[in-house]
Amino acid sequence: MKPLIVLNLKTYLEGTGEGAVRIARACKEVGEASGIEIAIAPQFCDIYRVASQVDVPVYSQHLDGVGAGSFTGHAFAKCIKDAGAVGTLINHSECRLKLADIEASVTAAKGEGLRTIICTNNIATTAAAAALGPDYVAVEPPELIGSGIPVSKADPEVVTGSVAAVERIDPAVKVLCGAGISKGEDLKAAIELGSVGVLLASGIVKAKDPKAALEDLVSLI
């Protein structure tokens, strides 16, 4: 099974507007050359821009568990899907939700056929998230996000423990590894610890050459 790489553009200027399109093209080119699925999660306003210009899997950075109607300021599943997204992040550490809201978001996303990635911060929350039946959980200790120190080195037990916990609860759910991921050795270590891929951001988005950074990321797989 080839790993999954999900690149979160957050609200970085480098990944905004046409910058999002340029990085998406790099994801497509490196993904095709390596045979590895590389998805991208742009800002809401760039989902359609990216999806309509680049043939690459696009994820939303967030999704609210509401439908059409009187929900000013919310992002609902059908709108996100119609914009061109194939999946969504839920409960990123920079956009945290209560458990009931996470469940509502997962249900709404599944209703539109969107893939779901619930972000978690430790083994206990990973286990709780797995019980909601997402496609993936992405375990990311917040203190390591953007640090350049990969979780696979700083806290490998949180990855192996999360993999074991998810396997007990729902073997259909897969585990991604996040926080501090930026190099080929980080992805290789994440896979060796039992995850099926990585969720990452600044190590690629803010690199001088995002395509070269992506090529390094997949170089050991």
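Here, residue 1 is simply the first one shown, and the rest follow in order.
Cβ atoms are placed via backbone N, Cα and C, with glycine included.
What Swiss-Prot records for this protein:
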- His92: active site, electrophile (ACT_SITE)
- Glu140: active site, proton acceptor (ACT_SITE)
- Asn8, Leu9, Lys10, Ile145, Gly180, Ala201, Ser202: substrate binding site (BINDING)
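Recorded features from Swiss-Prot, shown on the structure.
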residue: Asn8; record: substrate binding site; DSSP class: strand
residue: His92; record: active site, electrophile; DSSP class: coil
residue: Glu140; record: active site, proton acceptor; DSSP class: coil
residue: Gly180; record: substrate binding site; DSSP class: coil
residue: Ala201; record: substrate binding site; DSSP class: coil
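Sequence-distant neighbours of Leu9 (substrate binding site) (same chain, 6+ apart, CB under 8 A from its CB) are Gly15, Thr16, Ala20, Ile23, Ile40, Ala41, Pro42, Gln43, Asp46, Gln61, Ala201, Val205. Cα proximity to the residue listed as 'active site, proton acceptor' (within 10 Å) is found for none of the binding-site residues Asn8, Lys10, Ser202.
Here the Cα atom of His92 (active site, electrophile) is found 10 Å from that of Asn8 (substrate binding site). Shown are the binding-site residues Asn8, Ser202; of these, the residue with the fewest other Cβ atoms within 10 Å is Ser202. Counted within 10 Å of its Cβ, the other Cβ atoms near Ala201 (substrate binding site) come to 24, all protein chains included.
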